[in-house]
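Only one structure is covered here, and it is reproduced in the block below.
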């Protein structure tokens, strides 16, 4: 199948910038070696150039188009040995096959050069265009076969003389030796891997590996030799397969998506009784009306769809632990309508199964073949039914589409689903200027100066520029200029148009508008080149088809990551552009096992409480939702999911909810899902390749206070095959490059984040079945910006907790200087003398002390990932009114008296914060006044002190000063007074600007 796919991968090596000098003369002679799927190409050498320009296109044959996303394209840069002592490594780049683009959508991307090891000295970047081309498969008629058969004769007739052949052989050997010399750095880079086959720079894909005889080693063999060397082809195919198998276990599991090997190793296997009902066959010539099959086992009684001349082909899955019977009964019924339209059901027969004799099946076993079973019936003998009955697990292929006894059958709202967040882009609209505006002022007196602004609208998003006043005098310009950026959130699939409108504030009317098609908007991935600006004609009302023109610049920013989560719980930091996405560094596997001791959330039949629980897990753009287990307080899901990990410093969010959407109310409107609890797991706190099986407490904050709703059992494993990639991730920036070279303001970033949250919420609510708005908002923490007295207290005490160490150190020093423990104070005196006499040992001693302390604390590290802490959240120290204020919407819906009380309380809190800010500002202003002569006497005293101090320090050695100051600070309390020191009294008497505040 791979041979019929005519797909070529084109790698255009454009240039490199700021390479590391490697030839000992302050420069480098660089060339690139490109490897893909066992094929190797080499560019020319650019001598003595740290910014080489190649502009070469290298072609590779894609053997299997379906497996192309799993391949890795590797580009290695070397310094040519002809210009230096040896071939020196200059850097490498690895690009995953999933980032390849189709021809026509490629762009020039600059990739930073990566190190081969931690100690490599590498810098610079390389510009590449990587795309693939699909060609029409060539026809293979009989004529082509005959031409192929006659081709060897033509080749034999045109063979060169023998002596020329010897010369060619010598040249080939020389080329092969040069190739081996050039590939030595590659062998040093991969000492444990088998050497890849040598490839010819010719774009034509090679047919034979380097292990074959010389004629096929460097150049493509002639057609005659190809037809006669089928064994060479087999060897080449074996080598290609061997190279495919060289992928690590992590790459096979994360890139190829084949995770069946560890599909259910984090959860328990749940036994299910599967019944597949295909069809029935009637023995007698009776009426062929509609019929259905009925399954009865214990308290379960289920019917298939009623079909006429059609197969049922339905699968039923019964939770074996919930069965209270030892036999299964399957019966077939026919439906007949009489003249009075009364429907009569007749039993065509029954077949029974003893559950003790039902066979067991576990994947990867093949599916059980259905068989014909005779239906026992006294009235209608000779009928058969085709059935298959087996006992399997939740890993069975038929489980997802089967009728499930523990989740309400075939109800769509209770099924397990995987959702994907829409791909988000920043859309930047730069409004430059307008010209030739038709303001319509001909009939009005020219005493009014128009005030204009530009408004951009993308779907429900609307942003405006600042206002500009236009003068009406002949000397003033009527072409207002803004040069302002408006940033929108664009979600794929994009809205059809971006509407740009010029508004006149003075009369409240629109001057004109233009619709920009989103399909024509340019995309960019960095800031190296500004997108082209464009002129658009403005369209007015029906009487004004031309209202002027506007000059704008529009582009989709692919170099940013659009934040759609709270910054402290982000789970994805990849750029929007596919070309900038790197390969995953690990694999996250989560097993959602079950929950215990859940509290009832609603009532069933108005008599007893019940809970229909399901779990939602989110990491990156992928959301997973387990099936809903109906009417159980200890549900067992035992579902396992996987995510690719691109950054270890990200957070997995898991929420538990009660399903209220699978049933409608009296009006027919579905209910809302009720939150039961939420947990978060930070991946950086997990050990790699270790399974964490932990039960987490589920606590939910309600208007009446915090309430424990139960516990959830989760199994987590973070797998990573390369420690080097994991360590390098800690040294790389959190966000893509554009966030630092062209950052967005904090206020703008906050607005865009909440806009992205609303877009994601709306898109997931339109899925089928929908993921409710209340679920998505709870997972994304969309209310973190809302005022909360509880959160304010928690953040304040977090700051106090961070300063606790400094306060403890200050108390310890105060005890030393007061001689609370005399031996300790004497030892500090000795330490002070050692520091003064040997200052070069200060930093080594500090770092060695830190090393020993941190290593000793390793044994006390957290053994399990931490969960949300109610004590740290201060849910138990806030009153009911403060919790009610936190759950109040925006704007408020409470009465005026309640709002007045809360406002007064907020004013009192803000007054204390205001006083604290004033005191902090006063300390800085006192020091500033010391240098500005606000208090001439104080500044004069300080000037005299500086003069005397300069003379003293010129005479007294610095070590003597430090030693004397230390002894003076640590003097015995007998020699210390009770009043504040002179420097402190002097600083407190300096003036501040507080007396100038109204």
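Glycine residues also receive a Cβ, built from the backbone N, Cα and C atoms like all the rest.
Automatic prediction, not curation, is the source of TrEMBL annotations.
Under the heading domain 'C2', TrEMBL lists 1-110 (among others).
According to TrEMBL, the feature compositional bias 'Low complexity' maps to 141-154.
Positions annotated as region 'Disordered' by TrEMBL: 141-235.
Residues annotated as compositional bias 'Basic and acidic residues' in TrEMBL: 156-198 (among others).
What TrEMBL records for 199-216 is compositional bias 'Pro residues'.
Annotation source TrEMBL lists compositional bias 'Basic and acidic residues' at 225-235 (among others).
Secondary structure of the domain 'C2' (254-373) per DSSP (helix as H, G, I; strand as E, B; remaining residues coil): 10 helix, 55 strand, 55 coil. According to TrEMBL, the domain 'C2' annotation covers 254-373 (among others).
What TrEMBL records for 406-536 (among others) is domain 'C2'. Across the domain 'C2' (406-536), the prediction's mean pLDDT works out to 86.
The feature domain 'C2' is assigned by TrEMBL to 569-696 (among others).
If you look up TrEMBL, you'll see 826-856 (among others) marked as transmembrane segment. Sequence-distant contacts of the transmembrane segment (826-856), counting only residues of its own chain at least 6 positions beyond either end whose CB sits under 8 Å from a CB of the stretch, comprise 816, 959, 962-963, 966-967, 970.
Taken from TrEMBL, the feature transmembrane segment covers 941-970 (among others).
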Who are the chain neighbours of the transmembrane segment (941-970) in space, where the CB to CB distance is under 8 Å and they lie at least 6 residues beyond its ends?
816-817, 825, 828-829, 832-833, 836-837, 839, 930, 986
Please list the DSSP helix, strand and coil residue counts for the domain 'C2' (569-696).
7 helix, 65 strand, 56 coil
Looking only at the domain 'C2' (406-536), what are its DSSP counts of helix, strand and coil residues?
8 helix, 65 strand, 58 coil
